[in-house]
Amino acid sequence: MIYDYGYDVIVVGGGHAGVEAASASARIGAKTLLLTHNIDTIGQMSCNPAIGGIGKGHLVKEIDAMGGVMAKAIDMAGIQFRILNSRKGPAVRATRAQADRLLYKKAINSLINNQENLDIFQDSVDDLVVENNTVCGAITKTGITFRAKKVVLTVGTFLGGKIHIGKVSNAGGRAGDQPSNALAARLRSLPFRVDRLKTGTPPRIDRRSVDFSVMEVQHGDNPTPYFSFFSKGKIEHPRQIPCYITYTNNETHKIITDNLDKSAMYSGLIEGIGPRYCPSIEDKVVRFADKERHQIFVEPEGLNSIELYPNGLSTSLPFEVQCNYIRSIKGFEKAFIMRPGYAIEYDFFDPRDLKPTLETKHIKNLYFAGQINGTTGYEEAGAQGLVASINAAISIDSDKSWYPTRADSYIGVLIDDLITKGTKEPYRMFTSRAEYRLILREDNADLRLSDKACELGLLSKEDQQHFISKKNAIIENIAMMKNTWIGPQTQKARDLEKFLDKKMTRESTLFDLLKRPEIDYSKLQQISELNLNLQDDAVIEQIEISAKYSGYIERQNKDIEKTATLEQKAIPTDFNYSQVKGLSNEVLQKLTEQKPTTLGEASRIPGITPAAISLLTIYMKKTGFIK
């Protein structure tokens with residue numbers, strides 16, 4: 001049966017990538033259908049009950065700056081908020097929030113269900129409608145065909161998903177859910193490169209069986225931060241509660257090493273490669289055999305939940321072994337496991353087969369986002385869902401496209417890494433992956449991206465006005481401070497002396513004074529004659545960072561300008577690299593396979609040398625492809 005409701009975009013999957021994708025295309029005005037195997041699991045946190053962290057928090061802020069739902073949802077559902085690296089520079093500070101799982105899912109559903117242009121239908125997708133190498137719709141398990149101009153696949157770990165607990169394996173997309181084997185087989189029949197990856201989750205513990213008195217207490221920040229740029233004064237956080245910290249020990253490690261042959265990872269049952277930066281407890285004990293203990297974050301799953309998430313104990317060991325090593329840990333001596341930990345392996349498709357828009361190179365109008373591209377994490381998934389669906393929506397009746405770059409966002413870094421380098425293990429974001437960290441901060445994500453969000457129609461009128469007011473306040477106040485001078489012999493200078501390490505010897509602007517490490521905006525406000533009445537902390541923060549890091553920021557902007565030339569030089573999709581004399585066979589093969597869209601993208605493909613880029617540039621200039 002064909003249901004032709006005139007959909008512009010179909011999003012397959014209701015996880016974190018799917019939610020951002022469905023929301024984005026609908027906000028732009030595209031008639032959107034979200035297809036999910038179970039409406040009740042939309043927005044579900046399948047693994048850890050937390051959002052953000054180093055690198056990841058930057059992604060959440062950027063999604064929010066583009067009008068996404070993740071930051072607002074966690075503001076409604078977060079039960080502990082912390083700023084990580086708060087004593088370090090602004091480039092590496094990151095927000096992390098512990099979530100109440102039920103409140104988070106409720107918040108996501110509230111935001112999605114009230115979104116115009118968005119329909120939701122419950123059924124698994126088994127097949128795609130593909131005509132002349134162009135996707136035209138999706139076919140569900142019950143035989144219903146939904147036609148659309150664009151399809152975005154955000155299927156998580158469900159493609160050929162297999163769950164392992166010890167040597168017991170069964171098919172599953174996650175615990176309690178069936179995998180999407182029919183869709184996996186269909187995708188394998190298309191000209192995409194496919195491989196397997198693995199991830200895992202720890203056992204869940206009944207909090208009533210845990211002795212918290214012997215653990216370290218970890219409180220959230222006070223005042224409680226907000227994730228969304230648009231939440232303060234509108235959203236009230238739930239009650240805030242602490243997390244706890246405990247540690248493994250030598251006994252824990254012995255139990256694990258004595259039973260490694262029973263682990264699905266170490267017995268050879270799992271083919272997929274696991275995440276390097278979120279390893280199982282088995283991997284930690286083997287790879288870091290010299291460490292006497294490993295830190296475990298004991299995280300509540302919700303205000304009214306009795307389940308605890310022991311972050312750091314992901315495992316594929318048998319249930320009996322899980323019980324034994326859990327009870328060897330301080331505070332867990334009488335722990336009762338409510339759900340066993342498990343590993344899951346699944347299909348992913350080589351992201352080098354994608355364009356920067358996340359449209360596939362082989363099938364037109366088909367987009368991939370999330371774990372299907374080899375990433376791990378809610379935040380990475382949400383970022384991809386956003387970009388894929390933006391491009392699906394804006395290209396319906398035109399050849400428009402938009403994608404972030406390494407110079408303007410961590411989302412740009414994420415996508416560029418994936419499409420140029422690919423991945424052999426689950427990819428997660430870190431601040432160290434970005435070249436321009438000082439520019440790509442959490443605090444200025446809106447200043448970097450919200451203008452584009454306004455242009456694309458992604459922000460509500462209210463959020464748009466909030467952003468414009470903030471941006472104008474920053475511009476106006478910086479201009480005022482750059483044009484307000486204080487002479488060394490004035491009363492203002494004498495009033496400032498109590499704050500200065502060295503007396504003023506020449507006339508300075510307020511902006512230059514703010515560059516001094518001992519001066520901040522609040523101290524300048526104490527000089528009554530200056531009439532600095534600004535009270536908006538977010539605006540003040542931007543003014544201070546602009547002043548104190550101005551030299552570094554200018555340097556990074558110059559670096560960006562140098563590389564921008566290559567980024568602007570487009571390579572036609574049908575470009576014949578064999579015509580370029582002097583390219584090695586290796587370079588020729590890689591360029592032909594990956595089909596980079598710009599010279600900048602080509603330059604970042606592993607194995608492509610500066611000499612090869614030079615030859616390519618000269619040829620393209622001679623033949624008129626670039627000026």
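Placement of Cβ uses the backbone N, Cα and C atoms for every residue, glycine included.
Annotated FAD binding in Swiss-Prot involves G13, G14, G15, H16, A17, G18, V125, S180 plus, out of the candidates Q322, Q371, Q464, the residue Q371. The Cα of S280 (NAD(+) binding site) lies closest to that of Q371, out of the binding-site residues G13, G15, V125, Q371. Here the binding-site residues are G13, G15, G274; the one with the fewest Cβ atoms within 10 Å of its Cβ is G274.
Spanning the residues G13, G14, G15, H16, A17, G18, V125, S180, Q371 that the record associates with binding FAD, the maximal Cα-Cα distance equals 18 Å.
If you take the Cα of A17 (FAD binding site) and the Cα of G274 (NAD(+) binding site), they are about 20 angstrom apart, rounded to a whole number. Closest by Cα distance to E282 (NAD(+) binding site), from the binding-site residues G13, G15, V125, Q371, is Q371. Once Cβ contacts within 10 Å are tallied over all protein chains shown, the binding-site residues A17, V125, C278, V286 are led by A17.
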